[in-house]
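What TrEMBL says about this protein:
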- ARG93, LEU94, GLY95, LYS96, GLY97, GLY98, GLY99, SER100, TYR101: ATP binding site (BINDING)
Amino acid sequence: MAELLMTVRPGTVAGYVPVGSEPGGPELPNALGPRVLLPVLLDDLDLDWAGGALVPGPRGLLEPSGPRLGVDAIATADLVIVPALAVDHSGARLGKGGGSYDRALARVRPGVPVVAVVFDGEFLPRVPAEPHDRPVTGVITPSGGFECLPRHVD
């Protein structure tokens, strides 16, 4: 993660709060830099964004305590870090199936790096992808660090 942050030098990072055994661990939000946007899951499964200390939310997930900035706040990010169940070598990302991150990633400015954090065994040659799935441009694994993936044309 440090290698990526030193290369991109983002002013704002949109990240995530790892749930359960997701990679990144509880220290991930604090490792992302001084201006971090973290997701708040809305009732319609879209993602709002906020900063601030983490507090338990209504669904039992940790959420940022700062003012809600709206679903379009992700468009201010210079780097986006997302969770994934798996990522393939072409950048296809397998999520949990709710479409929350696919909707959010549709709002990311063109050219902004979108990087998934996965365990080594979750970086695969191929994962299933649907037309609405948004690809990632990079992946971080524990043993391989950061790897840039082929660019997709939207």
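Backbone N, Cα and C atoms are what each Cβ position is placed from, and that goes for glycine too.
Locations of recorded TrEMBL features on the structure.
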{"residue": "ARG93", "record": "ATP binding site", "Cβ neighbours (10 Å)": "24"}
{"residue": "GLY95", "record": "ATP binding site", "Cβ neighbours (10 Å)": "18"}
{"residue": "GLY97", "record": "ATP binding site", "Cβ neighbours (10 Å)": "8"}
{"residue": "GLY99", "record": "ATP binding site", "Cβ neighbours (10 Å)": "15"}
{"residue": "TYR101", "record": "ATP binding site", "Cβ neighbours (10 Å)": "24"}
Cβ-centroid neighbourhood (8 Å) of the ATP site, ARG93, LEU94, GLY95, LYS96, GLY97, GLY98, GLY99, SER100, TYR101 excluded:
ASP102
Going by DSSP, is GLY95 (ATP binding site) sitting in a helix, a strand, or coil?
coil
Per DSSP, TYR101 (ATP binding site) is which: helix, strand or coil?
helix
